Amino acid sequence: LLHLLSVMTVVLGFEGSANKIGVGIIRDGEVLSNPRRTYITPPGQGFLPSDTARHHRAVILTVLKEALEQAGLKPADIDCVAYTKGPGMGAPLVTVALVARTVAQLWGKPLLGVNHCIGHIEMGRLITNANNPTVLYVSGGNTQVIAYSERRYRIFGETIDIAVGNCLDRFARVIKISNDPSPGYNIEQMAKKGSQYVELPYTVKGMDVSFSGILSYIEEAAHKMLSSGQCTAEDLCFSLQETLFSMLVEITERAMAHCGSQEVLIVGGVGCNLRLQEMMGVMCKERGAKLFATDERFCIDNGAMIAQAGWEMFRSGQVTELEDSWITQRYRTDEVEVTWRD
């Protein structure tokens, strides 16, 4: 292992926990390639696990080939194969784990099961150079406020029901907004044209947030208000974003105060939303703190983030034995021992 660490380490990462399939290659903090495909469903529909897994199966080898070609590498150049162990949707996770496991055996490489959330955090730290930030992790499936302490990423606050991205996606379905490139992106564009703020329930409970009540309320109100001309769809998009993001900024600020932190890092798919970044930026400025965020290449699920977390884990001596290389749909961020940070 020592001999391995003296030379450069190249890690291949597979991600497929939801509707994106990505394969990325990282060499000592450098992203060599990071191709991705998204499974997009018609307006008004979500993505089902079985259909998503079918999509991933159909394209995963093409994406793997692209990753190797873009990086200009051969299988022999890879030192370790990392894959998303969880959390996520069962069928897509299993599909990708099977491919990663097969590739590792075919190429004779060590395997590493990576926690999806930690992939996001490590990628964010790499790209932004944030030192020890309070992390807001917001995506279609997860909403957590996280800070590192004593070899764990501790969860300070989280959603007690659905994720913020899921709330946005499901609202998009109600008013038949397109899922291309993503429902959240299309809501963000429409919100820029909204001018009237419609009051919505604001639900923060200590360090935790709840989004299902807001979703029920706006689903109910949308049809009435739109059909009677009280407000526009753009107004509803604007109001929903403002309310959800205010809640997220509140719990992030509370965690910062608790930790004495002067850095915020936003990760996850909803993290590319410029309005969320703007609101968080205002709060950081008031506190004399710094905000770190990435663009859609790295905040939306991708293979390189799994490769980067895998790189950190591998360099600190971790590997996953074949018999332990299962997936787990519920895999908590704080279950992972962080062996690569002091």
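Every residue gets a Cβ built from N, Cα and C, even glycine.
Predicted, not measured: the structure shown is a model, and the values here were computed from it.
Noted in TrEMBL for the protein shown:
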BINDING   H116, H120, Y137, D301  divalent metal cation binding site
BINDING   Y137, V138, S139, G140, G141, D169, G184, E188, N273  substrate binding site
DOMAIN    36-307  domain 'Gcp-like'
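Mapped onto this structure are the features recorded in TrEMBL.
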residue	record	contacts (Cβ under 8 Å, 6+ apart)
H116	divalent metal cation binding site	E15, S17, T84, K85, G86, P87, G88, N142, D301, I306, Y331
H120	divalent metal cation binding site	Y137, S139, V267, G268, C299, M305
G141	substrate binding site	S17, A18, P87, G88, A163, G165, N166
G184	substrate binding site	G140, G165, L168, D169, A172, G269, V270, N273
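One way to see the shell of the divalent metal cation site is to take the Cβ centroid of H116, H120, Y137, D301; the remaining same-chain residues with a Cβ within 8 Å of it are S17, C117, G119, I121, S139, N142, V267, G268, G269, M305. Considering only the residues assigned to substrate binding, Y137, V138, S139, G140, G141, D169, G184, E188, N273, the longest pairwise Cα distance works out to 18 Å. Its Cβ taken as reference, Y137 (divalent metal cation binding site) is surrounded by 27 other Cβ atoms within 10 Å in the chains shown. Taken together, the residues in the domain 'Gcp-like' (36-307) have a mean pLDDT of 98 on the 0 to 100 scale. N273 (substrate binding site): 25 other CB atoms within 10 A of its CB, across all protein chains.
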